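In Swiss-Prot this protein carries:
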- 1-26: region 'Hydrophobic' (REGION)
- 32-91: domain '4Fe-4S' (DOMAIN)
- Cys49, Cys52, Cys57, Cys74: [4Fe-4S] cluster 1 binding site (BINDING)
- 108-137: domain '4Fe-4S ferredoxin-type 1' (DOMAIN)
- Cys117, Cys120, Cys123, Cys157: [4Fe-4S] cluster 2 binding site (BINDING)
- Cys127, Cys147, Cys150, Cys153: [4Fe-4S] cluster 3 binding site (BINDING)
- 138-167: domain '4Fe-4S ferredoxin-type 2' (DOMAIN)
Amino acid sequence: MNAIWIAVAAVSLLGLAFGAILGYASRRFAVEDDPVVEKIDEILPQSQCGQCGYPGCRPYAEAISCNGEKINRCAPGGEAVMLKIAELLNVEPQPLDGEAQELTPARMVAFIDENNCIGCTKCIQACPVDAIVGATRAMHTVMSDLCTGCNLCVDPCPTHCISLQPVAETPDSWKWDLNTIPVRIIPVEHHA
């Protein structure tokens, strides 16, 4: 029985020693992150869709900060994200990538042909914003309010029943941009 306790104590001491060495090394050899990259990464929508040409939002933020990449390539973030990045970097806002001529592109949303859906859940696993709901071997559907139109759910579908379709702007689908609405605060007088 003593041999077991000796082995437990030895392994515990080794774990403690190696943990202390790793803790010291992580602080001693730490690499400082670029604070500009961190701020840009916080502004980006974190959908990891790859529409900007980079595998995720962090690599795109690094490319903007370090390589001078254009700030207008984030499709899910749109103009709001581009304007925030332009303000952060003190650069001129640019027209969104690929739409220099058109002012507001049609918003695309994934649509599942429920007659052909086999319920494999591959689209649910691929969706970075959890806009697709359903269960194994059950009908799946897309919550259009959450869908960013990133196209990541289309390729994994084995029956090819997912397509991106433009959404017509209706009073139900139109989003108020509260930052562009002028708001004036009117002081209230209190009478005693």
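For all residues, glycine too, the Cβ spot is worked out from N, Cα and C.
Sequence features, as recorded in Swiss-Prot, placed on the structure.
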{"residue": "Cys49", "record": "[4Fe-4S] cluster 1 binding site", "CB count, 10 Å": "21"}
{"residue": "Cys52", "record": "[4Fe-4S] cluster 1 binding site", "CB count, 10 Å": "22"}
{"residue": "Cys57", "record": "[4Fe-4S] cluster 1 binding site", "CB count, 10 Å": "25"}
{"residue": "Cys74", "record": "[4Fe-4S] cluster 1 binding site", "CB count, 10 Å": "27"}
{"residue": "Cys120", "record": "[4Fe-4S] cluster 2 binding site", "CB count, 10 Å": "16"}
{"residue": "Cys123", "record": "[4Fe-4S] cluster 2 binding site", "CB count, 10 Å": "25"}
{"residue": "Cys127", "record": "[4Fe-4S] cluster 3 binding site", "CB count, 10 Å": "22"}
{"residue": "Cys150", "record": "[4Fe-4S] cluster 3 binding site", "CB count, 10 Å": "23"}
{"residue": "Cys153", "record": "[4Fe-4S] cluster 3 binding site", "CB count, 10 Å": "23"}
{"residue": "Cys157", "record": "[4Fe-4S] cluster 2 binding site", "CB count, 10 Å": "21"}
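If you take the C-beta of Cys117 ([4Fe-4S] cluster 2 binding site) and look for same-chain residues 6 or more apart in sequence within under 8 angstroms, you find Gly134, Met139, His140, Thr159, Cys161. Within 10 Å of the C-beta of Cys147 ([4Fe-4S] cluster 3 binding site) there are 21 other C-beta atoms, taking all protein chains into account. Cys153 ([4Fe-4S] cluster 3 binding site) falls outside any helix or strand according to DSSP and counts as coil. If you take every residue in the domain '4Fe-4S' (32-91) and average the pLDDT, you get 88. Within the set of binding-site residues Cys49, Cys127, Cys150, the entry lying nearest in space to Cys120 ([4Fe-4S] cluster 2 binding site) is Cys127 (CA atoms).
It is 5 Å from the Cα atom of Cys150 ([4Fe-4S] cluster 3 binding site) to that of Cys49 ([4Fe-4S] cluster 1 binding site). Taken residue by residue, the region 'Hydrophobic' (1-26) breaks down under DSSP into 25 helix, 0 strand, 1 coil. Between the CA atoms of Cys52 ([4Fe-4S] cluster 1 binding site) and Cys127 ([4Fe-4S] cluster 3 binding site) there is a gap of 17 Å, rounded to the nearest whole number.
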